[in-house]
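Noted in TrEMBL for the protein shown:
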type: COMPBIAS; residues: 1-15; note: compositional bias 'Low complexity'
type: COMPBIAS; residues: 25-34; note: compositional bias 'Polar residues'
type: COMPBIAS; residues: 310-319; note: compositional bias 'Basic and acidic residues'
type: COMPBIAS; residues: 320-329; note: compositional bias 'Polar residues'
type: COMPBIAS; residues: 339-354; note: compositional bias 'Acidic residues'
type: COMPBIAS; residues: 359-370; note: compositional bias 'Low complexity'
type: REGION; residues: 1-47; note: region 'Disordered'
type: REGION; residues: 291-384; note: region 'Disordered'
Amino acid sequence: MSSPTSSPSALAAMRSPPPSPASIRNRNTRTPPRQVNLGRRSRDEDDTEIEGSLLAAPHIQLTASANDIEHARVLATRRRLKPQQITDVEDCMNALFPLQIARLLIELHANNNLSSEIKNISNCVKSVLLSTKLSAYKGEVPVRHIDTLIKKFRWGVPEGLEHDTAAWDRIKDFISTQLTNRRSTMKKKFRQSLTGSKDVCETETSDTLKSGLLPGDQRWSIYKLTKELTNNTQATVTSVLCARIAVMVFMKFPGERFWDEVDKKLEVMRRDASKDAENDSEKRQRHLFEHYLHEDRRLHGKSTSSEQLTIDKNDKDADSTQNYQNNINAAIKTRDTQEEAMEDTCQDTGEIEEEKPMGHGQQQSQRGSSTPVEPSDGDFQEDD
């Protein structure tokens, strides 16, 4: 048996020189080998990317649960949605995600179109009430004119929508609401021009209004009042429009009878103008309106020189066919002329509808009457 010192490895170790201090230092600072994990990529210390396998796949719910639909139904009812609208919400919740996005986009475009239509109809309402050709401000007259204008110019309203009775009734309801709101705004402006306050009491009388009038030099001039009324509209301040506004200011009925009395006054002026055989009826009406304009300037102040220059310039442009307001005026005049011609034809041929017997408390219609009832002298009072 050989001794340990006689083995080849032991003899080689005895012959090799001892390690130097430098080799010992290098051996101690050597980087440890990288650990390899099978099935995963290698990773550096400055690597901040998150391993995809460490994140759980998101859970996408493709259909709404019964609880979700019930919650949406309660919320829709609370917001006073109509039954058909609630059904549309439920159908959308049960649809696939791409179809839900498509529905939302469709509704967005539809709402944008509707907003444009509403804006156009609102502008039409303002222009009709500022038209110098309008024969009455209440009742069916302005509604019929706006109805005709929408059918003629469309203004974004889909073609043929008037054949959908339900849809067109909603448009007519919107027109009536806009007319009421605009008339209220105009009446407040009239009162503000005389008293400095827009607060209108429906039971207010001419006497109570007269007691609150501002001094003459503090009231609005007819130019300022007309300018206020035409703000944010397509109308301009012309002498003809100022004259018509002056007639309204002359009518001191701030309460609920105001517009009724204005319509009566316009009817009286038209009837008086038609009795003048020497002058054209329209020319005579213009002279009557100018009388009220002169009185307004005498009572409430004249326009400044710069304001009068603006009025004169607008008068020169009043016949422009490119003017939105002028197109409205022309359409209103054309429709009234056609209606008058139809009435004359019916009277000539005797095709007049028989009047129904009046019930208790029912007043006879003044339309077509040969002897209309004239308002009493106390109904129209001029400021002293």
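Note: Cβ is positioned from N, Cα and C throughout, glycine not excepted.
Residues of the same chain lying 6 or more positions beyond the ends of the compositional bias 'Polar residues' (320-329) and with a Cβ under 8 Å from any Cβ of it are 124, 127-128, 130-133, 149, 153, 233-236. Residue counts for the compositional bias 'Basic and acidic residues' (310-319) under DSSP, helix first, then strand, then coil, are 7 helix, 0 strand, 3 coil.
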